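Comments concern the structure below.
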Amino acid sequence: MKHLFKLDPAKNLPMNDLTKLVHSGTNGFIIGGTDNVQIEAVQKLYELLGETDLPIFLEISNESMILPEADHFLIPVVLNTENSKWTHGLHQELIKEMGAFIPWKRVTAEGYVILNKDAKVAHLTEAKTDLTDEDIVAYARLAENIFHLPIFYVEYSGMYGDPEVVRKASAALSNTKFWYGGGIRSKEQAAEMVKYADTIIVGNIIYEDLEKALETATIFRKKTV
């Protein structure tokens, strides 16, 4: 997968727009959000996308994101926080409550490094965002070699990141996949970041300018995934 659209269930998107996203050339979708996420909205969005053969990932930020029928679950593990709630605390609580029923083969953990200090998710998770390039590379190595996480996700959350940081962090990984998200608003930015990232995630621009969002995916339309 080279390109994923990230959809917020708390935001409305017409069915016609969803159809355009499905046929844009993207490789799949992430359903996830930080604020005002209701299970009914998650269910509706998942069902609207249900007819596509593209993979649909549910990113579990809280219990309202859990749909038992979903094919793929993403579990964020925030690496650059000192609040253990976001590294393993909430995870342990959920496993304690539902562990016997969790479809582990459909669950993938993703090591997050959040780098936009003004983002809601940074405030929520108490992320330490004033990191050097060396700090971020070290987190990449931590994700792969200590925690053995399958995904290392650098999240600039609405702000376009530094391609050089992405290049350095990606180069530090051998087996863990590098995902990049944040501020991609043009096909040129998509092409720039995908030179280094295994997968780019495009989100906010969907709700700001759909046509520009579609352009970020069309460059992948003829490529083999």
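Keep in mind that glycine also has a Cβ here, set from the backbone N, Cα and C atoms.
Computed from a predicted structure; not experimentally measured.
Going by what Swiss-Prot states, the sn-glycerol 1-phosphate site holds Lys6, Tyr153, Val154, Glu155, Tyr156, Ser157, Gly158, Gly203, Asn204, and the candidate of Gly25, Gly183 recorded there is Gly183. Highest Cβ count within 10 Å among the binding-site residues Gly158, Gly203: Gly203. Here the CA atom of Asp8 (Mg(2+) binding site) lies 16 Å from the CA atom of Tyr156 (sn-glycerol 1-phosphate binding site). Of the chain residues outside the sn-glycerol 1-phosphate site list Lys6, Tyr153, Val154, Glu155, Tyr156, Ser157, Gly158, Gly183, Gly203, Asn204, Asn116, Ala119, Met159, Gly181, Gly182, Ile201 have their Cβ within 8 Å of the site's Cβ mean position. Of all the binding-site residues given, namely Lys6, Asp8, Val154, Tyr156, the one with the smallest number of surrounding CB atoms inside 10 A is Lys6. On the backbone, the CA of Asp8 (Mg(2+) binding site) and the CA of Gly203 (sn-glycerol 1-phosphate binding site) stand 8 Å apart.
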